[in-house]
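The structure appears right after this line, and notes come after that.
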Amino acid sequence: MDSCGAANENVLENGSCSSSESEKGKGGLRTMPFIIVNECLEKVASYGIMPNMIVYLMNGYGMGIVEGTKVMTTWSAMSNGFSIFGAFLSDSYFGRFLVISIGSFSSLLGLTILWLTAMIPELRTSSCQSFMLDCSSATAIQLAVLFISMGLISIGAGCIRPCSIAFGADQLTIREKSNNGRLLDSFFNWYYTSVALSTVISLSVIVYIQENLGWKIGFGVPAALMFISALSFLLGSPIYVKAKPGHSLLTSFLQVVVVAIKNRKLCLPHTFDQYYQECDSALVVPTDSLRCLNKACIIRNPETLSNPDESVLDPWSQCTVRQVESLKSLLRVLPMWSTGIFMVATQTTFSTVQANTMDRTLFGTFKMPAGSFNLVMVITVSIIIPTYDRVMVPLLAKYTGMPRGFTCRSRIGIGLLFICASKATSALVETMRRNAAIEEGFEEQPNAVIHMSVLWLVPEFVLLGFAEGFNPVGQIEFFYTYIPKSMSSFAMAIFTLQLAAVDIFGNLLVSIVDKVTSVGGNESWLSTNINKGHLNYYYALLTCLGILNYFYFLAICWAYGPAQEKKLEASAHKEEEQFDYMELPTS
């Protein structure tokens with residue numbers, strides 16, 4: 001018997017094996033401070049620089065509002081997209097410890113370079129006389145340094161965020177089974193509480209420092225925090241359990257596609273014994289949907305099954321039924337996944353620019369930082385989710401017979417409607433703000449502060465908080481419902497990829513609106529001078545697109561047929577391999 005099969009408790013989360021002798025005395029809750037501090041300080045550092053970054057790009061690099069927004073969305077898309085890449089590298093090649101270490105160093109280097117752009121005047125344009133006015137364009141070298149810093153920060157985020165929580169779980173999975181569940185629960189509770197706290201700090205304290213103490217300190221503090229983050233993680237190295245890389249789902253999916261292409265000329269067999277099944281799998285034949293993929297598990301050459309345990313000798317020439325059905329389950333959630341791309345409506349870059357033109361005095365001489373309005377959304381989400389769980393779900397269970405409250409599809413739809421309401425509110429408030437600026441004679445002065453309280457922006461962020469409390473949670477629950485349990489960790493990866501798609505779509509939409517509305521020398525809706533532009537029209541457009549997206553969502557729900565959650569609940573007691581693969585009904 002090999003070492004992997006000797007004891008189940010020594011099998012780590014990613015499927016790799018650990019020698020009980022080499023890992024003796026390692027892991028446990030004592031490793032949690034190092035891991036949690038690394039993740040939380042990385043979030044404080046990276047999240048803290050984003051809200052006000054649009055102002056830095058416009059003032060420090062002479063970018064217009066459209067160009068700056070495109071840079072921001074591209075940067076965000078890279079950070080989310082690299083998360084998939086980081087997870088792939090950790091699972092397949094390097095392991096989580098090395099990937100997190102690389103990510104920590106990359107983030108530290110990127111933040112340090114960004115801090116240097118604030119410290120060294122030659123690294124940015126210095127001719128901006130006032131906010132959004134009289135700025136010359138940055139040179140190629142200046143932009144290169146800026147983009148290198150952003151790229152390094154994105155690589156760091158992509159390496160740390162998908163691996164951190166799994167690496168923490170690795171430290172507990174080799175402990176005794178009697179305490180395993182309690183330890184994991186304790187870790188997850190502390191982890192998410194710390195992440196929530198770090199988000200609040202980044203959107204309040206860091207943003208306030210940038211606005212009141214300047215960019216040198218405002219970027220220096222995140223760089224210093226990232227240094228502490230990287231150092232704390234490395235200090236825990238001697239006591240970490242370091243799981244070896246195992247098998248990646250992404251590799252498995254690619255193998256299915258490659259083998260299906262190789263076997264494209266084969267005819268589908270009519271008997272189950274011509275499909276290759278794993279010995280411990282309850283799946284006998286592949287499902288009828290997406291039949292082209294079924295050719296990947298046809299036994300073309302019995303000699304490829306030459307390992308003693310009947311496993312495939314060359315996985316790039318022969319796949320199992322389970323592999324094929326796993327890929328199908330992923331493809332089946334993509335239609336619902338696509339409805340979440342319109343979460344671009346949560347884009348708040350323009351709100352920072354709006355807030356800078358409004359009266360931000362809250363009490364006495366204290367002014368609310370323009371980049372802190374995302375904090376309103378975070379607070380709203382932190383209230384909505386527990387309220388729904390503790391108040392609404394029991395009421396729905398009592399009066400409607402729904403023991404789990406709204407279905408995941410209903411929560412997705414409710415979130416989409418709140419997005420529409422938020423953007424409609426944004427259009428109304430921006431119309432009021434623009435009219436006030438013109439009436440006060442500031443049409444040519446976009447940096448002037450008008451007599452309109454910044455608190456008018458609060459309702460749209462509250463509505464966005466409601467949307468965030470329903471839609472993303474419903475999306476993730478939907479993914480977990482339709483994806484087999486053996487792929488449950490991939491559900492969050494799908495959601496992360498959706499965030500990247502959101503940013504790409506937002507970038508494309510801003511570019512199209514700017515070009516179309518500026519045809520013939522007209523002032524663009526997204527003009528850097530927002531008092532002359534029509535940001536309110538852009539918000540109205542987002543509202544209309546949101547309504548169209550909601551009807552698209554209804555069509556997707558109809559295509560899926562009756563909600564399948566009840567089926568899965570009825571079969572929840574079955575073994576992990578006994579999952580039910582959902583299919584879109586065919587006509």
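Note that Cβ sites are derived from N, Cα and C of the backbone, with glycine treated the same way.
Straight from TrEMBL, the features:
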REGION    1-27  region 'Disordered'
TRANSMEM  97-120  transmembrane segment
TRANSMEM  140-169  transmembrane segment
TRANSMEM  190-209  transmembrane segment
TRANSMEM  221-241  transmembrane segment
TRANSMEM  370-391  transmembrane segment
TRANSMEM  412-429  transmembrane segment
TRANSMEM  449-470  transmembrane segment
TRANSMEM  490-513  transmembrane segment
TRANSMEM  537-561  transmembrane segment
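Under 8 Å from some Cβ of the transmembrane segment (370-391) lie the Cβ atoms of residues 51-52, 55, 196, 199-200, 203-204, 207-208, 210-211, 346, 348, 351-353, 355-356, 360, 405, 454, 457-458, 461-462, 464-466, 468-470, 473, all in the same chain and six or more residues away from its ends. A contact links the transmembrane segment (221-241) to the transmembrane segment (97-120), because at least 3 Cβ pairs that are 6 or more residues apart lie under 8 A. For the transmembrane segment (537-561), the partner stretch with the most Cβ pairs below 8 Å, chosen from 140-169, 190-209, 412-429, 490-513, is 412-429.
Beyond the ends of the transmembrane segment (140-169), by six or more residues, the same chain brings 13-14, 31-32, 35-36, 38-39, 42, 46, 49, 61, 71, 75, 78-87, 89-90, 96-97, 99-100, 102-111, 113-114, 116-117, 123-125, 184, 187-188, 191, 240, 489, 492-493, 496 to within a C-beta distance below 8 angstroms of the stretch.
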